[in-house]
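Have a look at the structure below before the remarks.
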Amino acid sequence: KESAAAKFERQHMDPSTSSASSSDYCNQMMQSRKMTQDRCKPVNTFVHESLADVQAVCFQKNVACKNGQSNCYQSNSAMHITDCRESGNSNYPNCVYKATQAEKHIIVACEGNPYVPVHFDGSV
């Protein structure tokens, strides 16, 4: 079974792309990263930074998670991200997404040993 840390990497990490160059980016990535298999995942964020930089966030600013848990962390610096949002004409299995690029501080939930990101909580 896929670990929570591996799932985070599959769903949110894309260090090899500096930013989403085309509107097709989300459609291709959401499909290739298997987030459109049994439904269209409505919203997903990809982070265009190194895995080491994202893992380091687990040791940065401790903040409350949206669900009230205390194991979330906000990055000290802004990171290149792409938000993929399902667009109005999307209809499973033909999932259609709109890409929005931003440079924002990310918030991730971390757990385990080693202490690594397991959930993307948001960006500010």
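Yeah, the Cβs are placed from backbone N, Cα and C, and that goes for glycine too.
Of the cysteines Cys84, Cys95, only one is given by Swiss-Prot as the disulfide partner of Cys40: Cys95. Of the listed recorded positions Cys26, Cys40, Val43, Cys65, Cys72, the Cβ environment within 10 Å is emptiest of other Cβ atoms at Val43. Other Cβ atoms within 10 Å of the Cβ of Cys110 (disulfide bond), summed over all protein chains shown, number 21.
For the recorded positions Lys7, Cys58, Cys65, Cys72, a Cα-Cα cutoff of 10 angstroms around Cys84 (disulfide bond) retains nothing.
Around His12 (active site, proton acceptor), the same-chain residues six or more apart in sequence whose CB sits under 8 Å from its CB are Asn44, Thr45, Phe46, Val47, Val54, Pro117, Phe120, listed in sequence order.
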